[in-house]
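**Q** Submitted below is the structure of interest, expressed as structure tokens.
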């Protein structure tokens, strides 16, 4: 009778892939919950006037800096899990690359802080900064990188889901993009950053949901 030997490496590979994917499942929800908790409790922070990046400033700014970096690392790690799970299939190349780029954008946002603005932290001048610092300029790149990467990833995965006949997931992917862009547009129309936060929450949790789907359905 032929026996198939199970080596520690063979056992570790699926387990490691699951761990990497689980990191991505956690990234979006942890980021959103941590931001909301701070937005509701930080002294002087008004989610209508203040973008979430300002939470990284002040005495408690380390909480949001940690949130940026930790969740970015989780998202970046999940890209390796997606690469393993989807290798050789549709979205198996660009999906992981784009999710990894989203993770890099979050880490970038934590490493380079925004400038004080609109009276936050308490005691700083009201209104926009008269001149951006070098780290403020670099921080401004982070949201664009993360947002563009996630939007592109949503289209990549929408194509995959459509090809698989998973119409609900394809619609969810496109819908997340539409919601994010629409809510961001509303932000500037009504001058209320809560709408932008809502749009971000939609697409950040979309990334987590897709990663959970891959984790659940992979062979």
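Placed from the backbone N, Cα and C atoms, the Cβ positions cover glycine too.
Below are the features I grabbed from TrEMBL:
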- 20-40: transmembrane segment (TRANSMEM)
- 60-82: transmembrane segment (TRANSMEM)
- 94-114: transmembrane segment (TRANSMEM)
- 134-157: transmembrane segment (TRANSMEM)
- 169-189: transmembrane segment (TRANSMEM)
- 195-215: transmembrane segment (TRANSMEM)
**Q** In terms of Cβ proximity under 8 Å, which residues at least six beyond the ends of the transmembrane segment (60-82) contact it?
**A** 17-28, 30-31, 34-35, 38, 42, 52-53, 95-97, 99-100, 102-111, 113, 121, 207, 211, 214-215
**Q** State, in range form, which of 20-40, 94-114, 169-189 has the highest count of Cβ pairs under 8 Å to the transmembrane segment (134-157).
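**A** If we count Cβ pairs closer than 8 Å to the transmembrane segment (134-157), 94-114 scores highest.
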**Q** Are there residues at least 6 beyond the ends of the transmembrane segment (94-114) whose Cβ is under 8 Å from a Cβ of it, and what are they?
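**A** Same-chain contacts beyond the ends: 24, 27, 31, 51, 53-54, 56-57, 61, 64-69, 71-80, 82-83, 86, 135-136, 138-147, 149-150, 152-153, 156-157, 160, 207, 211.
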